[in-house]
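As annotated by TrEMBL, domain 'Class II aldolase/adducin N-terminal' applies to 36-229. Feature annotation from TrEMBL assigns substrate binding site to Cys105. Feature annotation from TrEMBL assigns Zn(2+) binding site to His123, His125, His202. Among the features that TrEMBL reports, active site, proton donor/acceptor is placed at Glu146.
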Amino acid sequence: MACTCNSHNSDSVHLSTAVDPNDVLVTSSDPIHPANLICELCRRFYDNGWVTGTGGGISIREEDNIYIAPSGVQKERLVPENMFVMDLKSQEYLRKPLALKPSACTPLFMSAYTMRGAGACIHTHSQAAVMVTLLFDKVFEISSIEQIKAIPKVVEPGNLWYSDKLVIPIIENTEKEEDLTDSLQQAIKDYPGTTAVLVRRHGIYVWGETVWKAKVYNEAIDYLLEIAVKMKQFGIETVKAKD
């Protein structure tokens, strides 16, 4: 998977930051290096309508290095040198682009790493994610849809079965994104089987053991959220009654 965001066009040039002695952390010809992969995935998420404007983001863990997309940069225009890099243990920045601001999502991403041992965390402003928070109260629930089988049980090996019920907690939005941290951490504690948390009128956080699993979970969950909205429109219950 090639990272197309490295091309030196006029858009990417003015987003580049001053030379940083820690540029070695984000400089690689490997397309799946976290700094390159974040660019590629953000472009794909932009094309899906999940990270419009500067909203949304993604973080990837490589051993103890946490790579985080910056705040305020349109996600389809990111370049590797825009990336922040944080040490997992000290939670101090190893690399901090001088011209950019850290993502307000950072403490929420870190919650997935420290509480769930995640390998990546994705945050989108998917319209389906926002809509279900207007249609459900404390939790989103759905069962008996084939795509559920892509979601892990978390508390035990394996994935959910077709007839299992997927439950994702919904927390209330706040004016500042970092102020969501406490309620997101509480939701993670209260719902040990979840791999995602919805934020009312805002979006969703999804994490996984690796970036590829986080991507799969995010795609599968978004599919289920969109199906659920359509089911509600037709008066169909999202949790199928037991036969």
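Cβ coordinates are placed from backbone N, Cα and C, and glycine is handled just like the others.
Locations of recorded TrEMBL features on the structure.
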| residue | record | Cβ contacts under 8 Å, 6 or more apart |
| --- | --- | --- |
| Cys105 | substrate binding site | Gly57, Ser59, Ile68, His123, Glu177, Tyr205 |
| His125 | Zn(2+) binding site | Trp50, Val51, Thr52, Gly55, Gly56, His202, Gly203 |
| Glu146 | active site, proton donor/acceptor | Tyr162 |
Checklist entry - What mean pLDDT does the predicted model reach across the domain 'Class II aldolase/adducin N-terminal' (36-229)? => result 96
Item to check | binding-site residues (His123, His202), the one with most neighbouring Cβ atoms at 10 Å | outcome: His123
Next on the checklist: Take the mean position of the Cβ atoms of His123, His125, His202, the recorded Zn(2+) site. Which other residues of that chain put their Cβ within 8 Å of it?
Outcome noted: Gly55, Gly56, Thr124, Ser126, Ala129, Val130, Val199, Gly203, Ile204, Tyr205
